[in-house]
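The feature active site is assigned by TrEMBL to E137. Sequence annotations record features per position, and here TrEMBL assigns Fe cation binding site to C94, H136, H140.
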Amino acid sequence: MKRNILIHPDPRLKKVCAPVSDLSDELRALADDMLETMYDAPGIGLAAPQVGVLDRLIVLDCVKEEGESPRPLVMFNPEIIAASDETSVYEEGCLSIPEQFAEITRPAEVEVEWMDRNGHARREVFTGLWATCVQHEIDHLNGKLFIDYLKPLKRQMITRKMQKLKRERARA
Ligand SMILES: [Zn+2]
């Protein structure tokens, strides 16, 4: 089932999310819904707070080439355990901040630990777009958006555009 994606500014996007202790069918269904919502948008990552659930859960799939098989990843309690000194710059966007993009500098490589949908502990090193995406999504679990890396003036400009967009959508 597709879920409604919250648009910035929304207090739920600024909250630190709670760790997941027990995997339930409900949480697995939420992960499936989030993947469906992400693919439909379309996007390459989605965090639970973006659909109004304040649990530490993200989904991502950065396979973009036509014909390549998808690689949906579901991560409960994802944690960055190591990050490279080397950085990379990507133009980031966010499903909660539609149509707005900005170049963000982040570590080029990160090692992430998480629990998969079967409750198994997993660990993997991510590079390239995957590294940027997983950091962007984990930021969401800590109430942080990519625009928080921008200078205040630019961030305020984007926030005002989003407030206007929300007003327009509410009227429609
Ligand atoms: Zn985002």
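The count begins at 1 with the first shown residue.
Note: Cβ is positioned from N, Cα and C throughout, glycine not excepted.
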Count of other CB atoms lying within 10 Å of the CB belonging to H136 (Fe cation binding site): 23
Assigned element (helix, strand, coil) containing H140 (Fe cation binding site), judged by DSSP: helix
Set of same-chain residues at least 6 away whose C-beta sits under 8 angstroms from E137 (active site): G45, L46, A47, I58, V59, L60, M75, P78
